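Take a look at the structure set out below.
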């Protein structure tokens with residue numbers, strides 16, 4: 001027992017000594033330690049940030065308990081000949097009640113209204129926040145955490161309202177607001193029956209307050225009617241745990257057609273947790289979505305960590321040659337292999353641990369900035385065991401991998417070999433391994449440079465695609481409250497004020513594809529033409545004048561022609577697909593009414609800018625409008641214009657705050673996911689290159705140090721500084737060139753397949769590749785030559801003095 | 001203590017054997033102070049390396065303390081290093097990253113000696129070699145002679161029965177060299193530690209009790225000083 005204790009004690013002492021020596025070594029080689037530790041820290045931090053983002057996106061809609069049983073109802077639209085032309089997330093108001101009534105597998109089903117911001121007020125304290133209407137079942141679908149109130153009854157009466165904690169604080173300054181009264185949309189008073197904890201940022205069903213569906217039906221009489229083909233709302237269901245979704249899908253397929261004989265849509269349930277990442281559908285089947293981009297980020301995260309690990313390993317192996325002597329001595333005084341292995345491993349683990357600590361600090365510092373750039377709210381949850389597990393895993397992995405070469409290889413040396421002056425032939429294997437690693441590292445870096453450039457150019461290209469209308473100075477606001485009824489008054493006062501040049505009503509935003517239809521008939525149309533899908537926008541007067549849309553033929557809707565209230569305009573591509581030679585004056589059957597074509601306009605970008613635009617119909621329809629679009633007067637500053645507009649709008653519609661949106665900003669948001677890709681690949685691509693160069697810098701320093709004697713001898717023999725620099729840099733350059741040669745086809749292939757996803761895209765020009773190659777070589781050369789120059793300038797006497 | 005029988009060492013290059021050692025047979029007893037001398041290339045260091053089990057002979061047998069150690073596995077060899085053999089090198093070979101005290105302590109750690117005992121032995125060594133004031137310095141802060149003192153202190157800390165020294169004074173000034181030799185002689189006489197050193201210097205060899213003259217890998221002469229000096 002005693003000997004065992006003693007044994008443990010000495011082991012412990014040995015560990016302590018090894019640890020002190022490891023720290024001492026760290027301190028002694030400050031530069032290389034800094035390179036080592038900070039390089040790895042930057043790599044770890046980048047990896048952590050990216051993985052944080054990946055996990056943020058990954059856990060989208062997965063916060064609910066048993067999220068596997070939550071499904072969203074999707075609507076598949078029939079295409080020609082039994083195909084499915086598209087899949088949408090908007091559903092009729094009849095699906096949820098019918099599902100719950102008919103199918104025992106459905107435990108709960110709720111209609112959920114859209115995420116518009118709506119007015120909520122406590123006295124004069126009024127805000128526009130996201131308010132949603134939903135059936136009471138929503139509380140069975142999601143497990144919202146009730147701070148106050150009864151979950152079972154909170155949405156049972158039409159005049160109830162459930163608010164989030166931050167909404168309660170905003171309105172009342174406290175969360176203790178149960179049974180207090182708030183005024184909604186300046187129309188009804190509602191009683192707060194529940195306060196729930198704020199929802200996480202990464203959910204599709206965002207809301208600040210929640211109201212019963214019955215209230216919605218009371219406020220908007222028309223929504224009471226069961227409408228099987230009016231797709232307007234979201235429907236979510238929770239199935240029983242033992243339910244079979246496939247079977248349910250098969251049995252609900254004909255549901256809509258059963259009620260409406262000529263309906264062309266069929267419902268389908270799809271896992272709610274997959275909607276965000278796998279939301280691209282073809283033929284009613286999920287074929288990917290954001291997940292592809294997420295995989296790219298995961299690859300980037302692993303790649304950066306790999307680059308940093310390679311640095312670390314390279315430095316460790318380079319250094320280890322110097323330490324062979326130490327191994328020899330220790331062996332002659334009785335060190336076993338095991339003790340040497342543990343010593344080297346401890347050393348590299350100490351380094352990785354330092355890096356991990358530094359990485360956490362870096363992540364904490366840069367997270368707000370990162371969040372800001374991406375427009376999301378992520379934070380590190382330190383209580384999350386997975387975080388620690390993965391962090392410890394990464395540290396252990398990196399430490400062991402990086403330390404394993406010196407640990408296992410060096411400890412096997414015969415002491416004589418290393419003590420006899422100098423080790424002859426410094427392990428061919430180690431040198432070539434290091435070269436391989438450097439090549440891998442730079443291959444990755446070059447791929448990143450090329451990809452980043454291509455992505456940047458593609459985004460620029462998309463930005464510069466002609467929009468078809470004048471997006472600048474164009475502002476839109478929702479036609480809330482009194483604005484619809486008093487539109488003429490609004491128009492008159494705004495025009496008179498001189499703040500605007502034009503104003504029109506629209507059914508939806510100019511910046512966002514929001515409606516389509518099929519089943520149009522025109523002179524010469526066939527039965528299959530009926531399946532042609534058109535996008536649609538409804539408006540009143542001055543559409544082209546306000547938006548700056550180009551008319552190719554005919555005219556805009558005008559007051560001078562009273563028949564224009566039943567007229568329509570077509571886009572150039574619509575005229576083309578409809579095969580109309582003289583479109584003006586043609587009578588077209590649209591939504592069951594006959595309409596006369598009065599104008600043809602140039603296609604404009606309404607949907608995704610990288611997709612071909614659908615043919616489009618713009619119809620005159622006053623009832624369908626929901627947006628007011630204004631063209632500001634460029635003679636004044638936008639802020640002066642907006643101030644005038646705000647005053648007038650507020651005057652006409654006092655109950656509502658005025659919310660402007662610049663259409664160019666809205667349009668910019670369409671490229672959000674491409675921009676995120678561009679942004680992240682820029683930042684992390686740059687970091688990857690930086691870390692690679694850091695590694696190269698360290699390696700160059702070591703190689704110069706190792707060859708001090710050789711350099712000394714060569715100098716004595718008459719080599720010039722240039723000769724020596726060439727000697728020292730060439731080896732590294734060869735590796736970088738090899739990396740470039742490998743990287744170019746890989747990057748080319750990857751980027752070509754990325755670009756194929758866009759209908760409109762740039763190509764990968766040779767210029768990009770040449771620039772990337774030259775850039776990489778230049779950076780590498782700069783990195784290496786500093787060390788080479790330093791070594792070459794050194795006095796040969798210093799190098800030759802010893803031994 | 002040491003018995004060499006017909007030790008040979010050669011390297012085969014291009015079918016030609018180049019001999020380093022030939023037919024070396026000798027016996028060294030506990031308590032002897034042996035100097036191995038000879039011109040450069042005579043095989044002195046190789047012989048010492050074979051004695052220290054750092055190299056294996058190509059042929060012949062080597063018995064150490066009655067045990068055949070001609071080819072020994074690493075574990076057993078390390079066991080011998082820990083308990084019986086202390087090395088002293090011409091280039092000192094201290095561990096640069098360790099302080100003087102830690103260098104002396106290192107073999108004790110490997111020998112798994114308790115911390116109290118270790119402390120007292122290190123203190124003892126520092127005291128004995130008059131380097132207490134230097135115990136927290138690193139090797140590169142010491143002069144050559146001081147470094148070699150630490151090297152010897154390290155070799156002695158584990159209380160070996162034999163010290164193998166490869167030109168221990170080769171890098172030292174003569175005054176320091178004499179000091180080291182005095183130390184060896186004292187250790188040999190007072191503690192009965194066997195010392196085997198390789199040296200070029202007649203003066204150094206004079207401290208010992210026996211000289212093995214090596215020429216081209218063969219023992220040319222085996223002089224017993226204690227006997228020859230006796231009247």
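Cβ from N, Cα, C; glycine included.
Predicted automatically and left uncurated, TrEMBL annotations should be read as such.
According to TrEMBL, the protein has these features:
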{"type": "DOMAIN", "residues": "A:33-253", "note": "domain 'MacB-like periplasmic core'"}
{"type": "TRANSMEM", "residues": "A:34-56", "note": "transmembrane segment"}
{"type": "TRANSMEM", "residues": "A:294-313", "note": "transmembrane segment"}
{"type": "DOMAIN", "residues": "A:300-415", "note": "domain 'ABC3 transporter permease C-terminal'"}
{"type": "TRANSMEM", "residues": "A:344-367", "note": "transmembrane segment"}
{"type": "TRANSMEM", "residues": "A:387-410", "note": "transmembrane segment"}
{"type": "TRANSMEM", "residues": "A:431-456", "note": "transmembrane segment"}
{"type": "TRANSMEM", "residues": "A:679-704", "note": "transmembrane segment"}
{"type": "DOMAIN", "residues": "A:682-796", "note": "domain 'ABC3 transporter permease C-terminal'"}
{"type": "TRANSMEM", "residues": "A:716-744", "note": "transmembrane segment"}
{"type": "TRANSMEM", "residues": "A:764-784", "note": "transmembrane segment"}
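Sequence-distant neighbours of the transmembrane segment (A:344-367) (same chain, 6+ residues past either end, Cβ-Cβ under 8 Å): 15, 18-19, 21-23, 25-26, 33, 36-38, 40-45, 48-49, 52, 312, 316, 320, 378-380, 391, 394-396, 398-400, 402-404, 406-407, 410-411. Long-range contacts of the transmembrane segment (A:34-56) within the same chain, counting only residues at least 6 positions beyond its ends with a Cβ under 8 Å from a Cβ of the stretch, are 26, 201-202, 294, 297-298, 300-302, 304-305, 307-309, 311-312, 315, 351-352, 354-356, 358-360, 362-363, 366-367, 370, 374, 376, 378, 380, 390-391, 394, 398, 680, 684, 687-688, 690-691, 694-695, 697-698. Under 8 Å from some Cβ of the transmembrane segment (A:716-744) lie the Cβ atoms of residues 435, 438-447, 450, 696, 699-700, 703-704, 707, 769, 772-773, 776-777, 780-781, 784-785, 787-789, 791-793, 796, 800, all in the same chain and six or more residues away from its ends. When the stretches A:294-313, A:387-410, A:679-704 are ranked by Cβ pairs under 8 Å to the transmembrane segment (A:431-456), first place goes to A:679-704. Remote same-chain partners of the transmembrane segment (A:294-313), defined as residues 6 or more beyond its termini with a Cβ less than 8 Å from a stretch Cβ, comprise 35-36, 39-40, 42-44, 46-47, 50-51, 53-54, 57-58, 277, 348, 351-352, 394, 398, 401-402, 405, 437-438, 440-441, 444-445, 448, 677, 680-681, 684, 687-688, 691-692, 694-695, 698.
Here the transmembrane segment (A:679-704) has long-range neighbours at 31-32, 35-36, 38-39, 42-43, 46, 50, 53, 297, 300, 303-304, 307-308, 310-311, 314-315, 318-319, 373-374, 434, 438, 441-442, 444-445, 448-449, 451-452, 455-456, 711, 728-729, 731-732, 776, 779-780, 783-784, 786-788, 790-791, meaning same-chain residues at least 6 beyond its ends whose C-beta is under 8 angstroms from one of its own. Across all of the domain 'MacB-like periplasmic core' (A:33-253), the predicted model scores a mean pLDDT of 89. When DSSP labels each residue, the domain 'ABC3 transporter permease C-terminal' (A:300-415) comes out as 97 helix, 0 strand, 19 coil, counted as helix, strand and coil in that order. Under DSSP, the residues of the domain 'ABC3 transporter permease C-terminal' (A:682-796) split into helix, strand and coil as follows: 98 helix, 0 strand, 17 coil.
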